Amino acid sequence: MVNIGNIWQYLALQSPLQSLSGDQLNATKMAVTTYTLPQLPYAYDALEPYISSQIMELHHSKHHQAYVTNLNKALESHLAAVAGTDIAGQIALQQAIKFNGGGHINHSLFWQNLAPAGSEEASPSAAKELVSAIEKTWGDFEAFKKAFSAALLGIQGSGWGWLVKDGPQGGLRIVTTKDQDPVVGGEVPVFGVDMWEHAYYLQYLNGKAAYVDNIWNVINWKTAEDRFLGSREDAFSVLKAAL
Ligand SMILES: [Fe+2]
C-alpha cells in the first residue's frame, strides 16, 4: 500500500505506477493526512545574534508554511488522481510532492537541530558519542567542521548540507541535497543546514561564508546526539508530531 500520509516513505517509494485494489485504495484514502506547521522549540529571536529574528519569523511562518500548504494541495490532487486512475495526473504531481514534501521534512528537522547560542544543547559536549564518532571519521572535530563548512559552501544554487549516519550501525558521512530534496535513502539525518538564500540573505547579504561560520554557534548537539544514537524513525518523529 502507498501510505501517502507518511510523506518521507512516499518520497522514498516514488511509485506512481502501482495499481491499487479497491480495498487498498480505500485504505489509502483513510491514510491521507493534512500536514501542519510545527511550532518552533524556541522564540523567533532565540538564535540572535547569529540568525536574526526577522529571518526566523519569515523562514518559519512564511517559507515553511508555504511548503506545508502546497504539500497538502498536491496530496489532495494526487488522491483525486489515484481515485480516478489518472496515471498522467499522478506523474504530473510528483515534482510538487517531492519539492514541498521535502521542504516540510527538511525544515522540520532543521528547526529542531538548532538551539540558542550558549545553551547546554549548543555545546558539542552534549554529544559525547557523536563527537567521538566524528573524531574517528575525520581525525578531529575541527577537521570535520572544516569539511562540513566546505561542503555547504560548495553547494551551487539552493540546497542543504547534512551529516548523516548510514543505517543503524553505519558510519558518518557529509552529504548535500539540491533544492528541497530530503535525505530519503535510509540514512539517519543527524543535523542539516539550510543553504537557501532565504536562510541568511536578509542578515548576511552575499556573506555566505559568515553565515556558515556562525551556524556552528547554534547547532543543537543534544538533538544531533539523540539522532545519532537513534533510528531513522526516531529522527522523523518530528513529522508525525506536526501532522
Ligand atoms: Fe529554508
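Keep in mind that glycine also has a Cβ here, set from the backbone N, Cα and C atoms.
Feature annotation from TrEMBL assigns Mn(2+) binding site to H59, H107, D194, H198. H59 (Mn(2+) binding site) carries a helical DSSP state (H, G or I). Neighbour list (H59 (Mn(2+) binding site), Cβ cut-off 8 Å, at least 6 residues apart, same chain): H107, D194, H198, A199.
Taken from TrEMBL, the feature domain 'Manganese/iron superoxide dismutase N-terminal' applies to 34-115. Across all of the domain 'Manganese/iron superoxide dismutase N-terminal' (34-115), the predicted model scores a mean pLDDT of 97.
Annotated domain 'Manganese/iron superoxide dismutase C-terminal' per TrEMBL: 128-227, in sequence order. As a summary of secondary structure, the domain 'Manganese/iron superoxide dismutase C-terminal' (128-227) carries 49 helix, 22 strand, 29 coil according to DSSP.
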Most Cβ neighbours inside 10 Å, all chains, among the binding-site residues H107, H198: H107
Remaining residues near the recorded Mn(2+) site, that is with C-beta within 8 Å of the centroid of the site residues H59, H107, D194, H198: H60, H63, H64, F110, W196, A199
Packing count at D194 (Mn(2+) binding site) (other Cβ atoms within 10 Å of its Cβ): 25
